[in-house]
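Here is the structure we will look at, set down as structure tokens.
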Amino acid sequence: MSRITNFEKKSILIKQIIKITLLILVMLNLPGFILKHISPVISSILSYFSFLLMLIYFFIEKNKSTNVWMLILGISYFLIGSLSDQAYLVGDRDYYVAIIKYFIIIIGGYQVVKNTTNKELLIPLLIGAFTVFIQMFFFIDPYKDGGRYSGFYLNPNSLGFICMMGYALSFGVSKKWKLISQISFTFIGFITFSRTFLVVWLLINLLSIKISIKNIRVLAIGLGLFLALLTYNEFLPKKNVRLEAMSNLVTGNGKSNNSNALKKDSRTQTWAVYYPALFSKPFFGNGYLAFDGGAKVSTMGPHNAYIKTWGESGIIPISIMLIFYGVLIKKAWSKFEEYPSLFLMLVSFCLFISTNHSYWTNEYLLFFSMWLQYKIISDTTNLDSKLT
């Protein structure tokens, strides 16, 4: 057996430090939070520092691998979108910066996530979820936040996404982490009042019954927490209209108004605004950033990564995207009995990006996608299904 040299030991230590630093920066959305609440200068430094770390990790990683799927997908999206129409480009600099960042993530970031264990992913997610209490009591803006809470993620739906991914991951960890993870992600996910989180959380629990009938207890505990939140919510700094509507539905007060409040800003209504432009140029799209909001169609973005991809770059990238995630879903389902968390996380991810259009520029979305991709296509011997 060959001995590990001092140089190799230092290299391993440096890689570990870089990896943990990146996971904290990316999974907690630190640059984004600091940009809004502290300093644009510090935010820019941290953002560029994170991309520098990805490049450094790439160069010191011995067992490099290429993410062919994401390379082809990115090339097709950015190239076809820019050739279709350049009317919506604010400037060449922003376009090239977006491209460079994307490819650094899928080249350098991919080396990081493929060496990231369940434990190394779960802990930043838990910390990120608990930042909701920092925002709730120190950075709350009652007028802008409207009684919905987002932690360091700036958007309640984004925090809901972190919670649903953490909740799904909890089904693949040991008992000592499982209970605290499930309770934490469930409760914090509920106080985001994200409809997507509620639907996905329910779906995850129904699918988890296939793992074990005992998981019906988790569903019961979660529903109990939800009902308790509807009844005892005085600790919240500001009430939310969705919370009040759901509370009234439970008590039977004002059903018509409650229903309207819950349907307000429906995603299906937002998507429908983009359909005419989408089908007017289905083959090569309307151009890069045409579906970004404030451009060709609407001041509001489509809140759907699939619609944005198809609408801007046409049928080729959306076909690659759908085939890519379709293949992953099929493979993840084949491993469901042994590694249920992978399928649950992937389904959660695919559903979330149907309600969010920041796929191409969001670092933690791309990190999640690549982490799941690598875990799903890996041999079972390389998977750490249990967290000890």
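Glycine too: its Cβ is placed from the backbone N, Cα and C atoms.
What TrEMBL annotates here:
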TRANSMEM  12-35  transmembrane segment
TRANSMEM  41-60  transmembrane segment
TRANSMEM  67-89  transmembrane segment
TRANSMEM  95-113  transmembrane segment
TRANSMEM  120-140  transmembrane segment
TRANSMEM  152-173  transmembrane segment
TRANSMEM  185-204  transmembrane segment
TRANSMEM  216-236  transmembrane segment
TRANSMEM  272-290  transmembrane segment
TRANSMEM  310-329  transmembrane segment
TRANSMEM  341-360  transmembrane segment
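As a quick check, the transmembrane segment (67-89) and the transmembrane segment (12-35) miss the bar of 3 or more Cβ pairs under 8 A, pairs 6 or more apart, so the two do not touch. Proximity of distant same-chain residues to the transmembrane segment (152-173), defined by a Cβ-Cβ separation under 8 Å and at least 6 residues beyond the stretch ends, is recorded for 27-30, 32-33, 36, 118-119, 121-122, 125-126, 128-129, 131-132, 134-135, 181-182, 184-186, 188-189, 192-194, 196-197, 200-201, 204, 208, 211, 339-342, 344-345, 347-349, 352, 355-356, 364, 368, 385-387. Comparing 41-60, 95-113, 185-204 for CB pairs under 8 angstroms to the transmembrane segment (12-35), the maximum falls on 41-60. A Cβ distance under 8 Å defines the sequence-distant neighbours of the transmembrane segment (185-204), meaning residues of its chain 6+ beyond its ends; these are 125-126, 129-130, 132, 147-151, 156-157, 159-161, 163-164, 166-168, 170-171, 219, 221-222, 225-226, 229, 236, 240, 242-243, 262, 344, 347-348, 351-352, 355.
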